[in-house]
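Presented below is the structure to which this report refers.
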Amino acid sequence: MTYEVNAVKRLFFKFEHLHIRLLIENCLLEACIYSSSGHCPTHYIMEQNSVSIALFISMRLLLVSGSGEEYVRLTLLSINHFKSEEDSLYQCRLSDPDNDPEQVTVESLRTGWTRETAEENPDPPDVVYYEETSYPYHRVEMINNGNDNAFGVFACKTTKSGKRETIVSTTKMRSDADIVPENALFTQTVSIGDRHVSIRMINTTKEKSVEKFRWRNNTHLWVDTNVGVDTFTIGEPIELYHAGIYECHIAGERSLAKHGLNLLIVRACPSTRWGPPDCEGVCDSCYNGGVCDEKTGKCVCAPGFHGENCLKACGGNRYGYTCTQRCTYAEDDDKTKCKKYLFCLVHPFGCRCSTGYEGLDCEKECNENTFGASCLQSCHCVSDRCNRYTGECEGTDTSCDPGWTGANCQECLEGYFGSDCDQECHCSSDKCNKESGLCQSGGCLPQWADLFPPYSCKTGLYISVYTKVNARVPVPVSCTAVQGSADSLGGLDLVLSRNYQSLNETNIRLENVSSLEDTKTAWFKVENVEEENELFCQLRSNNERVAVMNITIDVYDLPELVTAPNFIKTSSTTVTISWAAWDESNKGTPPVIAYILYYKLSNDLDWKIATTYQVRDYQDEYNATVRHLDPDTLYDFSVAAVREGPGGEGPKSPVLKEQKTKCDAGKLPENVQAKILGDRQELVEISWQIPSEGMPCGAGITKFTVYYSRLESDVIQIDVPEPTATSFILSYLTAGWSYTFYVTLSTSDGESEESNKVEIIVPVLPSLRSLPLLRSVTCDSATIVWKKWTEGTDQGTPPVVEYIPYHRMNAWFEWVLGDSVTHSDTVGEYQYTFHNLKEDSTYEFCVVVVREGYGGEGDKTGVLQQNTALCLGPPGYVVAISVLIPVTILLLIAAAVVVFFKRNRSNKNVSSAPRISEDYNYENSGYKGTDKNFSLEENDVGTRKSAYEGMKQHKKAIDKQETTAKTESEYEIPNANKTSHGNLPKRQLFGGNSVREENLYEVPNEPEDFQI
């Protein structure tokens, strides 16, 4: 079954692989849109801003016959294209002269969603270059993983200096698909102006009826007018927005990846024309299935053929732009080895099976009377048989049918002549001599002048173009003439008339005339043009018409909503209404880009504009609030739809009448203010005062409403239902953004006007981007320096008020707070010295930046790590040691003498171990600063130990004095309730952890007694 669609206008596409471009004609052709290779239509109406597309390029394209930006010679070879449920791959094969990986970059991409979710539409893997082969190539291998990753439309994207970016697409489907294309083709190429284009799908399962068929295009919108049909027919002339992926799936089963896909490619020039924006070029004759590249006018040959007009056959097991590549490089050169592969070429060609094969899986051989890529070419042989790869006649009689010539009996396209069928006839009978092109009967077509030798109708009106605009807008029109012999246009006038025969230039203004090589173009502006008005480009000689070309003008019907807007609510000064988005059930031509909301007093005639709303894709309904109305007053409302382009506003919709505002609430919240709160300044408190005077209308306050926004179009409201509330705290705001706030109050009679607006920036807590630097280090101190915080260079929001140095032993210790350092804009560098550090230890240092206000301390960033030095000991200790050593030596000698004499005298053993005595004064050993004494016993072992014990006690006393002195004078941990900025409690500076008052690095005293 077939369902005719007459106005599917909003099939918008973002397909990078279609190379959609927008060209703006800087003269009178106001806009020209083109797809696939970038060209504009001729002999057809060009749309002004008619589609929303991904890439726009504003330029002026001048016609140079036979010129144009070349594409990269790229063939996409798809493997398992009809088995996407298995592991699948495709290859990006470059042909000479572009087969140089050093000069060409190749990428892989998915060109659109064909299932529901992002997980179901993953990007393909990166391209891998395989160099160690007979012919190096790039490969994309997709692992299925049970997710149908290989289902959809994919592409190879290539770039090369001096050539245009080239993207070649391929389609992959499941072999058990419920729906497949009827013609077993995955792509279809049409041209601007083609009519009655259809895409037909086949139901492969009996369990699911056609009534469940659903159609989609690549805007992800349902094509609701094609529900339950197996054929999508575009009834209107083809335009660029018809291009893209068409999907047909079973309702509710799109995620199963078992539906049909078809890629519709639209040439941006009419058939046989090339060279946008004017499409003045005539395409070369492209044989054996080749397609004319609309940007260059050259042929893109089907797989298995090559040459300027695709007349050279390659045979089986050959492909590429010069047929130098093979599916197998084995010596037997098996001609069947390209079977099963799908070959895809640069748009506008699309994808076809290898020459000699057809079918969804490209495995079926052509029958005896067809040949070429996907078996789309017919044989013209007396024997009714031809070679399926080349089309050359086979059998006992290899001659062509009557009227056919060439190596494989391919005809000249209708209206062409010459040995290669590449010259166009302009004869009224459409018949001309195949060698000379002279008209055989009937003279020239009306647009061609038979004035100049060799009388082959080569001078005339070549093309007429106008820009389709909105009704009541002046229409740009251009007429282009071409000369067949040298200077044959010199004596002819190129004009635009409202009459076929005579010259009528009413409301027609000549804007410009230009000549380029053998063409001449005149641009006009025509006013007061109605739908289907006819204009005539003329060539005139001696005030006589010698050639004429007619143009039928078409304009866009302005959109109109057929139903009145709906009432939602009202207040004393506002009325809120809604309306349904424009669709094809309304009047006019899409696309609609905006709505204008009008209002007026019910007893008045003059409408006023309340606001303009831009259309948002996929929004079915709009609502708007008209503000600053008078209380207790009747108003009327209407909405006008606006289509793209100048003069696009349509008529007003039916009127929503006599909507009355409520009694004036009268009073507003007063003295609205905003301030920053929070431990990290992340909250905003909005405060206000209740109106000092009473409320009118006999009603009290029912609630307050806080409004805030980052942009005017993005206003958020929060109701505060407590009628006595005077503040509200907002969280989850974005640091660094500026917010606008205002407050309203409501009574039972409605909402008040807006209060005064306040703006505030949610600050970003400051931090330094650079590390602090070490200036000096000793065994118990370190001095660091840092550059001042600078707005724009460092992170955070000003103003900055101070810096807080921190240090710790290592990451296992808590940070210790230093004294704050006040920030000054006039000081460029700061330094701070940390005292009372432990010798030969690793410390971490950082500087925290503090901005004004509570909670303004930034994060600890930029940590410097440094070791302290090794202390050699204080001077007093050195002196004591230098004195004790010689004294100890003397005492040891004396003790030895005494022991010797005692032993000789008493001949007795030592009865006890030596011990420290209380009657020996430390001053005898040179030690000063303690009242402890020790004495020597006779045993020399005890003597040496006592001397050592005296030295040890001496060092401990000195260490203790120095430790006490440093603790009391050089370093002091701040009081637990003292902060270096404001009155912030210390627990907030340290994340809730307290700081001990004692010396963190005090070494425990050793035992006083030592015994052997």
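Just so it is clear, glycine is given a Cβ too, placed from its N, Cα and C backbone atoms.
Taken from TrEMBL, the feature domain 'EGF-like' covers 275-311.
The disulfide bond annotation in TrEMBL covers C301-C310. According to its DSSP assignment, C310 (disulfide bond) is coil. Here C310 (disulfide bond) comes close to C286, Y287, N288, G289, G290, C299, C301, A302: these same-chain residues lie at least six apart in sequence, with C-beta atoms under 8 angstroms from its C-beta.
What TrEMBL records for 561-664 (among others) is domain 'Fibronectin type-III'.
The domain 'Fibronectin type-III' (668-767): residue composition by secondary structure is 3 helix, 51 strand, 46 coil, according to DSSP. As annotated by TrEMBL, domain 'Fibronectin type-III' applies to 668-767 (among others).
According to TrEMBL, the region 'Disordered' annotation covers 948-1012.
What TrEMBL lists as compositional bias 'Basic and acidic residues' is 956-969.
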Return the count of C-beta atoms lying within 10 angstroms of the C-beta of C301 (disulfide bond), excluding that atom itself.
28
Would you list the DSSP helix, strand and coil counts for the residues of the domain 'Fibronectin type-III' (561-664)?
0 helix, 54 strand, 50 coil
Which three-state DSSP class does C301 (disulfide bond) fall into?
coil
